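Below is one structure, written out as structure tokens; the observations come after it.
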Amino acid sequence: MPGGPPSVGKVHELAITESIVDAIVEKIGDGPVAAVRLEIGRLSGVVTDSIRFCFEIVAGGTGLEGARLDIDEPSGRAYCRNCRLEFTLDDPIMLCDCGSADLDVLAGRELRIISVEVR
């Protein structure tokens, strides 16, 4: 296969992108869309560059074809149960500066459609 087989990550992002496009088309029909804004947290495990790539492919032939895709990537936030510190966390290796992994993730796992701008 030229370029090698698709990686699991790309397949994951493709499925997510298909779900996003399907949800928009289901909600607004196949009318022309100018822009879509997503929020994908940095701790979500979703590769935003892959979403951008997949969006162009999946949106083809729908009202989303040619739409601008804007992606907000909010930082993660966590609370350490050990030292009671709340801190920014953008690394999937979830450790507090005190060395504890006993954390509550407060933000950063978001994956949602924020807005759709219709032409």
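Cβ from N, Cα, C; glycine included.
What TrEMBL says about this protein:
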- HIS12: Ni(2+) binding site (BINDING)
- CYS80, CYS83, CYS96, CYS98: Zn(2+) binding site (BINDING)
Rounded Cα separation (Å) that holds between CYS96 (Zn(2+) binding site) and the residue listed as 'Ni(2+) binding site': 29
Distance [Cα-Cα, Å, rounded] between CYS80 (Zn(2+) binding site) and HIS12 (Ni(2+) binding site): 30
Mapped DSSP class for CYS80 (Zn(2+) binding site), helix or strand or coil: strand
Near-site residues: Zn(2+), ref CYS80, CYS83, CYS96, CYS98, CB cutoff 8 A to centroid: ASN82, ARG84, LEU85, PHE87, ASP97, GLY99, SER100, ASP102, LEU103
Which listed residue (CYS96, CYS98) has most other Cβ within 10 Å, given these are binding-site residues: CYS96
Binding-site residues: CYS80, CYS83 - member with fewest neighbouring CB atoms within 10 Å: CYS83
Cβ-Cβ neighbours of HIS12 (Ni(2+) binding site) (radius 10 Å): 15
